[in-house]
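Here the structure is laid out as structure tokens; the discussion comes afterwards.
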Amino acid sequence: TDCGGKTCSEAQVCKDGKCVCVIGQCRKYCPNGFKKDENGCTFPCTCA
């Protein structure tokens, strides 16, 4: 997603021209935690 000249990852949304982490809740259990992007944002319901 184009966001103020930057491209947000799938784990981010554009808010006020900035890429921010998606805040979501998932009831899925991941023994190694959830997958994160290069910015430290968690991918929704995606195990690492």
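Any Cβ shown, glycine's included, is placed from N, Cα and C.
According to Swiss-Prot, the protein has these features:
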DISULFID  Cys3-Cys14  disulfide bond
DISULFID  Cys8-Cys19  disulfide bond
DISULFID  Cys21-Cys41  disulfide bond
DISULFID  Cys26-Cys45  disulfide bond
DISULFID  Cys30-Cys47  disulfide bond
DOMAIN    19-47  domain 'Antistasin-like'
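This view paints the features noted in Swiss-Prot onto the structure.
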| residue | record | contacts (Cβ under 8 Å, 6+ apart) |
| --- | --- | --- |
| Cys3 | disulfide bond | Cys14, Gly17, Lys18, Cys19 |
| Cys21 | disulfide bond | Ala11, Gln12, Asn39, Gly40, Cys41, Thr42 |
| Cys26 | disulfide bond | Phe34, Pro44, Cys45 |
| Cys30 | disulfide bond | Cys47, Ala48 |
Checklist outcome for this item: Rounded mean pLDDT within the domain 'Antistasin-like' (19-47) lands at 92
Checklist entry - Three-state secondary structure of Cys8 (disulfide bond) from DSSP? => result coil
Checklist outcome for this item: Cys8 (disulfide bond) has its Cβ surrounded, within 10 angstroms, by a count of other Cβ atoms equal to 21
Checklist outcome for this item: According to DSSP, Cys19 (disulfide bond) sits in strand
Checklist entry - To which of the disulfide-bonded residues Cys41, Cys45 does the lowest count of other Cβ atoms within 10 Å belong? => result Cys45
Next on the checklist: For a quick check of understanding: among the disulfide-bonded residues Cys19, Cys47, which residue's Cβ has the most other Cβ atoms within 10 Å?
Outcome noted: Cys19
